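These notes concern the structure reproduced below.
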Amino acid sequence: MENLLNEIVEEVITRVKKEAFIEVEASGRHVHLSREDVDKLFGEGYTLTKLKDLSQPGQYACKERVTITGPKGSIKNVVVLGPCRNETQVEISLTDGSTLGLKAPIKQSGDLEGTLSIKISTQYGEVELDKGLMVAKRHIHMTPKDAEKFNVCDKEIVEAKVMGQRPLTFDDVVIRVSDSFKTYMHIDYDEANACGYSKGTVAKIIKKA
C-alpha cells in the first residue's frame with residue numbers, strides 16, 4: 001500500500017512539474033558547420049557522422065571534433081552539431097573566451113552580425129572565419145501550444161527562476177517559439193555552474209511587469 005501511495009505522489013509531482021515548470025538543459029561549447037567548411041575541415045564530400053540525437057527535433061551531436069584557436073590559446077575536442085547550416089557558427093562560454101583570449105558577444109543563435117573571427121582546425125584542414133564566434137544568449141525553445149499555456153510569444157524577453165542546487169533567477173531570457181521545437185530552456189555551463197544545475201533541473205517563467 002505504501003509503495004502504491006509513493007508511486008501516486010511521484011506521478012502527481014511529475015504532472016505538476018510539467019504544467020508549471022520547464023526542463024533545463026546545459027549546452028557545452030559546440031560548432032555548427034556549413035557544407036563548405038565541412039569539406040575544408042574533413043575532405044571534399046565528407047558526411048558528418050551522427051553520434052546521438054539532441055532534444056530539439058532533427059538536431060544531433062556528431063562523432064567529429066574540432067579545435068578552435070584564438071590569440072591566447074586553443075580548445076580541443078569541440079563537438080560538431082548537425083545538420084549543416086548555411087553559415088558556420090561557434091558557440092562558447094565567457095570562460096572559454098578567456099582561454100581563447102577573445103571577448104565574444106552574447107548573441108542569439110543564427111545572428112552573426114558583430115560576432116568574432118576564429119580559427120577552426122582538424123588534422124585534415126583548417127578554416128579562418130571572419131565572423132561566427134559568440135556566446136549564446138540564454139533562451140527557451142517552446143512549442144506554440146506551450147507558448148499559449150505560459151502566455152508568452154516569440155522573441156519575448158522574460159525572467160526564469162532555475163531550481164538548481166543554488167536556485168537563481170536569470171533575467172534577459174528570450175522565448176523562441178516554433179512548431180519544430182520541443183520545450184526546453186538552454187543555458188551554458190557558466191550559467192549551469194552558477195545555479196547548481198544537474199540533469200532534471202527545472203525552471204519557472206516569470207513574466208516582466
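Counting starts with 1 at the first residue shown.
Including glycine, each Cβ sits where the backbone N, Cα and C put it.
In the three-state DSSP assignment, the secondary structure recorded for ASN193 (CoA binding site) is helix. Per Swiss-Prot, CoA binding site is recorded for ALA26, SER27, GLY28, LYS72, ASN193, and the stated evidence type is similarity to another entry.
Per Swiss-Prot, Zn(2+) 1 binding site is recorded for HIS30, HIS32, GLU91. All protein chains shown were included, and the count of other CB atoms within 10 Å of the CB of HIS32 (Zn(2+) 1 binding site) stands at 21.
Under the heading phosphate binding site, Swiss-Prot lists ARG85, citing similarity to another entry as support. In this view, ARG85 (phosphate binding site) is surrounded by 16 other Cβ atoms within 10 Å of its Cβ, with every protein chain counted. Under the three-state DSSP scheme, ARG85 (phosphate binding site) falls in the strand class.
HIS139 (Zn(2+) 2 binding site) is surrounded by 20 other CB atoms, counting those within 10 A of its CB over all protein chains shown. The Zn(2+) 2 binding site annotation in Swiss-Prot covers HIS139, HIS141, HIS186 and is backed by similarity to another entry.
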For Zn(2+) 2, residues beyond HIS139, HIS141, HIS186 with C-beta within 8 angstroms of the site's Cβ centre include exactly ARG138, ILE140, VAL174, ARG176, TYR184, MET185
Between ALA26 (CoA binding site) and ARG85 (phosphate binding site), find the distance joining the two CA atoms and give it rounded to the nearest Å. 22
Taking the Cα of GLY28 (CoA binding site) as the centre, which of the binding-site residues listed as ARG85, GLU91, HIS139, HIS141 lie within 10 Å of it? GLU91
Cα within 10 Å of HIS32 (Zn(2+) 1 binding site) - qualifying binding-site residues among ARG85, HIS139, HIS141, ASN193: ARG85
Around HIS186 (Zn(2+) 2 binding site), which residues of its chain at least 6 apart sit with Cβ under 8 Å of its Cβ? VAL24, GLU25, ALA26, SER27, ALA136, ARG138, HIS139, ILE140, HIS141
